[in-house]
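Chemist: My structure is below; once you've seen it, I'll send some questions.
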Amino acid sequence: MFSAARSLTSFACRTGINHARVAPSVRSLAAFQTADKHTLVLVRHGESTWNLENKFTGWVDVPLSPKGHEEVVEAGKLIKEAGIVPDCAFTSLQQRAIRTLWHILEQTGLMWIPETKAWQLNERHYGALQGLDKQQTVDKHGKDQVLVWRRSYDIPPPTVDPSSEHHPSNDPRYADQEFPTDWTESLKTTLERVTPYFETNIAPQLKDGKTVIIAAHGNSLRALVKHLDNIGEDVIAELNIPTGTPLVYELDDDMKPIPQEGSFAPLNGRYLGDQDAIRARIEGVKNQTK
Amino acid sequence: MIMMRSLLLLCSLSTAAAFVAPGRHTSLQRSIINSDISQTGSSTELFSHKIVLVRHGESEWNDLNIFTGWADAALNEKGVKEAKQGGQYLKEAGFTFDVAYTSVLKRAIKTLWLVLEEMDLMYIPIINTWRLNERHYGGLQGLNKQETVDKHGKDQVLIWRRSYDIPPPECDESSEYYPGNDPRYANVDKADLPFTESLKITGERFMPVWENEIVPDIKAGKKILIAAHGNTLRALVKHLDGISEDEICGLNIPTGVPLVYELDDDLNVIPNENAIAPLRGLYLGNLEDVRARIEGVANQTK
């Protein structure tokens, strides 16, 4: 029974044992009627304690702030109300995303679905800037330089010191991975590790008819939507994905997004929630370093 | 004495578990082993594996004294506290884990999440399996325990609750409690879905995941945490400690208290000197409180 069951579950969603899949009667009728429509829900983690402190976070494992917890409980409710029922979940190795996912699973009554955690879905690593205050960094290096590090597509911040706590080789959760001594990331290099992971591990689940939810980070989700919606490098660097706001994609069999009414260009995904408030928030993130 | 220590040193230099007879240790070895219950920096690291079991904390239905089984009751406030406390004990004792196993029922999953959060280990893989579910209570699921006693008599209910191999009456196929009607079991072989279970049956459907998934992980050196339920953990400790059918039925595993088993390379239990018989594993926490709580569950139906 085990080997047969294993062969049913593809690699990415494999927990080895849990084969839970939602019965057709529970899916939203629209989603089930169109056999070639695949639902992908993206959620950027809620506000973290360091968002509040205005620090470069990257791979630092900060928790959600109280507001962040509330945001993502709300996200779970919105997903439930929309009748979306994920079959499996993906997230990063960082607690602010994992906790976001857990809140959503609790709200939707789906705590039992298989969840896969992958470093490839982590936030962009901020190199030597990790842990530093954003405004102080501007005061030190100048607004323009910092803007380049933050919003350039392919210019990474300086590399992190290999002996630093911020180098992944010093964190047990990355013990199975080899990271180069000179480690830092740009949005470009982030995309280079997000996209293959999506293609190899997540796309097969979607093609298999599963509804997938990904709880991740600003830059890993930027990388993903750039890939899905074929967004240009200049545009993606400026694109803000609001925290704790479910972003729903309907993909065809080739994983191309199906345009939806109510989406905000350049995305083909549709946000759930108060559309005016969301639009305002999309403008908001730009103001963190002036 | 000195010869014995040299022998132990030799053991640590080679991988010769052959020097240590499986399941048998001298009192010197036991005192060395037991002097350090943490996993890290322990002299026992090289020839023992530690696994931790946690029974989920109190659920909303424990409070209401309802037969729960596979019904998906949530933890109540006390259960949440218990789980967090369990996580704190594990953190203080220096434990870490590589992978966690739990059921598909939220009270165990939530317990696991709370423990991992306390320990800063939210990033480890979690494996959910129906085989770690609580014993299915058949047609009694959803019924109040005292009312059931009033209806069927104390003795009959005691048999259903505490017999090793007599299951409660089956639930109806149309019932919400029949797992075939629950989407989370949609991919489980229909033949494996119970209408009711005894402790014996629970053990029989649990053992495949122990043998095929958990044991290989332990042997591969992974540090395992299992967050599960009263009856699945009974099945596991019965297997580990060789407890009899009669004795296992009366055994109460208190909620939220981490239970640490140390196993040798052949996965035989290395008994802990502070274990509460008939278990050979060690509860973390105040042992007097734990002992009192072990007595407490017996009083739920009188």
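Note: Cβ is positioned from N, Cα and C throughout, glycine not excepted.
It should be emphasised that the depicted structure is a prediction, and the values quoted were computed from it without experimental measurement.
OK, TrEMBL features for this one:
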type	residues	note
ACT_SITE	A:H45	active site, tele-phosphohistidine intermediate
ACT_SITE	A:E123	active site, proton donor/acceptor
BINDING	A:44-51, A:57-58, A:R96, A:123-126, A:K134, A:150-151, A:218-219	substrate binding site
COMPBIAS	A:163-176	compositional bias 'Basic and acidic residues'
REGION	A:154-177	region 'Disordered'
SITE	A:H217	site 'Transition state stabilizer'
Chemist: Listed binding-site residues are A:G58, A:R124, A:K134; which of them have CA atoms within 10 A of the CA of the residue listed as 'active site, tele-phosphohistidine intermediate'?
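Modeler: So far as Cα distances go, none of the binding-site residues lies within 10 Å of the residue listed as 'active site, tele-phosphohistidine intermediate'.
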Chemist: By Cβ count within 10 Å, point out the most packed of the recorded positions listed: A:E47, A:E123.
Modeler: A:E123
Chemist: Cβ distance under 8 Å to A:R44 (substrate binding site), same chain, sequence separation 6 or more: which residues?
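Modeler: A:R44 (substrate binding site) has long-range Cβ partners A:A216, A:H217, A:G218, A:L221, A:I241, A:P242, A:T243, A:G244, A:T245, A:L247.
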Chemist: In terms of DSSP three-state secondary structure, what is the assignment for A:K134 (substrate binding site)?
Modeler: helix
Chemist: State the Cα to Cα distance, in Å, between A:G58 (substrate binding site) and A:E123 (active site, proton donor/acceptor), rounded to an integer.
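Modeler: Their Cα atoms are separated by 6 Å.
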Chemist: Reduce the DSSP letter at A:R44 (substrate binding site) to three states and note it down.
Modeler: strand
Chemist: How many whole Å apart are the CA atoms of A:K134 (substrate binding site) and A:E123 (active site, proton donor/acceptor)?
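Modeler: Rounded to a whole number, the Cα-Cα distance is 17 Å.
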Chemist: Below 8 Å Cβ to Cβ and six or more residues apart, same chain only. Which residues does that give for A:W50 (substrate binding site)?
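Modeler: Looking at Cβ-Cβ distances below 8 Å from A:W50 (substrate binding site), excluding near sequence neighbours, one finds A:T57, A:V60, A:V62.
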Chemist: Of these binding-site residues, A:G58, A:G218, which scores lowest on Cβ atoms within 10 Å?
Modeler: A:G218
Chemist: For A:E123 (active site, proton donor/acceptor) and A:E47 (substrate binding site), determine the Cα separation and express it in whole Å.
Modeler: 14
Chemist: By a simple count of other Cβ atoms within 10 Å, which of A:H45, A:R124, A:K134, A:H217, the recorded positions in the record, is least packed?
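Modeler: So among A:H45, A:R124, A:K134, A:H217, the recorded positions given, the one with the fewest Cβ atoms within 10 Å is A:K134.
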Chemist: List the helix, strand and coil residue totals of the compositional bias 'Basic and acidic residues' (A:163-176) as derived from DSSP.
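Modeler: Per DSSP, the residues of the compositional bias 'Basic and acidic residues' (A:163-176) fall into 6 helix, 0 strand, 8 coil.
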